[in-house]
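Some notes on the structure that comes next.
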Amino acid sequence: MSEGEATQDPSAEDVTKSAEADEANAPEGEAKGTATKAKSKAKAKAKDDAKAWNPVGALPAKQAYALATLSGLLYFLGFPGVDIWPLSLVALVPLIVALRGQPVRRAAGLGWMAGFTMTMTGFYWLLEMLKVFSGFPVPLCILFMAILCAYQGGRIALAGWLYGRAESRGWPASIVFALAFAASELVFPLLFPWYFGASVHNAPVLMQVADLGGPILVGLVLVCANLGLAEIILAWRRKEKADNRIVAIGIAVPLLAAGYGFLRVRTIGQTMAEAKKVRIGIVQGNMGLFDRKNAYQVYVNRTKELAKSKEVDLVVWSEGAVPAPRTVTEASYKDEVQKSLTKQLGVPTIVGSVLRTPPSAPGGRMTYFNTALMAGDEGKILGRYDKQYLLAFGEYLPFGDIFPVLYKWSPNSGHFTPGTSLDSLPWGEHKIGALICYEDILPSFVQKLVKHGDPDLLVNLTNDAWFGDSTEPWIHLALAKLRAVEHRRFLVRATNSGVSAIVDATGRVVAHGGTFREETIVGEGRFMRAWTLYGAIGDAPWYLATAAIAAMGIWSRPKRAAAKAA
């Protein structure tokens, strides 16, 4: 705003200063009355300025935090595990209503409250992991869980903070919320990712837009529905007519996404029908985390049974199926694994194992890799993939290399080294993209892996026994299903304790097992490749959205500035 504009439209502060000057210069009898009128005018001016960007009026803190907590609970109930997915269409409404017109700091606090509530209820299984791997007393584990959930809740706190900054600068609240929500899902670093779009994993037609924009786009479809309903409630509070554009978007976007999904399910279904078949056997050994004495033989025997039955073309074992006592050195793993294991299986098998490299100097540390090995028809090792994204507290301790004493305090935590190669596992004319543990719930990583290796089948080896008999294995499966849709590949998940499954290119589970039981799952997959927009450009649109919301938090909306100058 230029100096001339400021003169034409004095602010409330200017009016107050002018009143004080008049009071000082006016005769004593007139000063008091003149100043009182001027100050009243200043207060009215301030009130009008506030209404210019906050026409609804912010809710009191207690009501706002209660609504944010309600959003966290609804988010949890609609999320995989409880799976009342229609709640995802309304879960954010209380938070949107609570955020409107709030100061930036409180907006961040409201977002944090929603995120903390969701993670404390939805991720209750973190307590079991902390108990198992830390060995700390339960009260201390509860404290660590609360700290971890407080951090995880920071994702929606970031959304609230971005929203508060941009809304206070006059940008349209609905657009601001959508951009802030997308940015928070993209940039906030999480130990356990929890994309909002995974809520509709059991509603296939709403998942299909993932091939356009990944899980963030699926989540934004749901956000639009929430914004439409929130606008109706906010209009009722204003005692005004709702903005028909926002309500229409809230209805139209989910319907358009569902229409797109319906068409894509049909067309991808036709593509799958024409693709080459592969019969897949998954061995779920249900090994104990620290008692694996007989686990190795369970996998061998189950695989021999599958080979003898001639039912399968490929067998997949879980992460770490060849346990620590049988770990082999990196230098000799091909010969050793072929002689002692894969040669006797009689069927091509992907084996989860641990490879180790001896220390390069006396007194040095042994280096361990969490590995997937591809064994061919004769048991020959054809390829290898080392896990790149290690799980904190389970496979390494944050800052453990800087403070080695942490490993003494937490003796059950691993000390693995991340891999570096994105190459697929070769098998004849086919290429298999291997993912280990929670790498299958990292969309940007899988996008890079698929783009680099161009596999025609995705395989995930994992072990969710760490989290006990809880909802975590089902949440993991739900989050992973989106990878099949994003890249239009079949996804095979071989888990130690469940849920092992085969997911088709539309995200539909075609075969799966249970949890915490030894079993073999047999199903049909397809070798297929398909170009997708998300596979080509990844999260590029969401980086632009993040830049946009950041800019909105810095610069005021031009129309608002013009309105203030008028």
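Note: Cβ is positioned from N, Cα and C throughout, glycine not excepted.
TrEMBL annotations: computationally assigned, not manually curated.
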Per TrEMBL, the range holding transmembrane segment, considering 109-127, 527-545: 109-127
For the transmembrane segment (246-263), I need the partner stretch with the highest count of C-beta pairs below 8 angstroms, choosing only from 73-97, 109-127, 171-196, 216-234. 216-234
For the transmembrane segment (73-97), which recorded stretch in the set 109-127, 133-151, 171-196, 216-234 gives the largest number of Cβ pairs separated by under 8 Å? 216-234
For the domain 'CN hydrolase' (278-527), what's the mean pLDDT in this predicted model? 88
Spatial neighbours of the transmembrane segment (171-196) not adjacent in sequence (6+ beyond its ends, CB under 8 Å) are 75, 79, 88, 92, 96, 99-100, 118-119, 122-123, 126, 148, 151-152, 154-156, 158-160, 162-163, 215-216, 218-220, 222-224, 227, 231, 246, 249, 392, 438, 441-443, 475, 479, 482, 539, 542-543, 545-546, 548-550, 552, 557
